[in-house]
Amino acid sequence: MKVSTTALAVLLCTMTLCNQVFSAPYGADTPTACCFSYSRKIPRQFIVDYFETSSLCSQPGVIFLTKRNRQICADSKETWVQEYITDLELNA
């Protein structure tokens, strides 16, 4: 009986600690999307959205989302990338 009481106490303590770990605010340590290489220019009609990479990334970049839900990395300094971003912002 004493063993089962101890086991129950350990189980409850473990559950309490796990609950606190999993209740951390979303985004506290979430991974960031970074670009390690850039894609060539892709047709504008395939692009539906974009977001900029985090400032924590080693290379700045833009990630375009395609109609097929793929992510394409692009160099934010390139002219075509800036044109696509402007077009997406105007048509949002």
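Just so you know, glycine gets a Cβ as well, placed from its N, Cα and C.
Long-range C-beta contacts of CYS34 (disulfide bond), restricted to its own chain and to partners at least six residues apart, with a cutoff below 8 Å, comprise THR53, SER54, LEU56, CYS57, SER58, GLN59, GLY61. The disulfide bond feature in Swiss-Prot is assigned to CYS34-CYS57 (among others); the stated evidence is similarity to another entry.
The disulfide bond annotation in Swiss-Prot covers CYS35-CYS73 (among others), and the record cites similarity to another entry as its basis. Taking all protein chains in view, 20 other C-beta atoms sit within 10 angstroms of the C-beta of CYS35 (disulfide bond).
What Swiss-Prot lists as signal peptide is 1-23, and the listing cites experimental evidence.
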Ranked by how many other Cβ atoms lie within 10 Å of their Cβ, the disulfide-bonded residues CYS57, CYS73 are led by CYS73
Under a three-state DSSP reduction, the secondary structure at CYS73 (disulfide bond) is strand
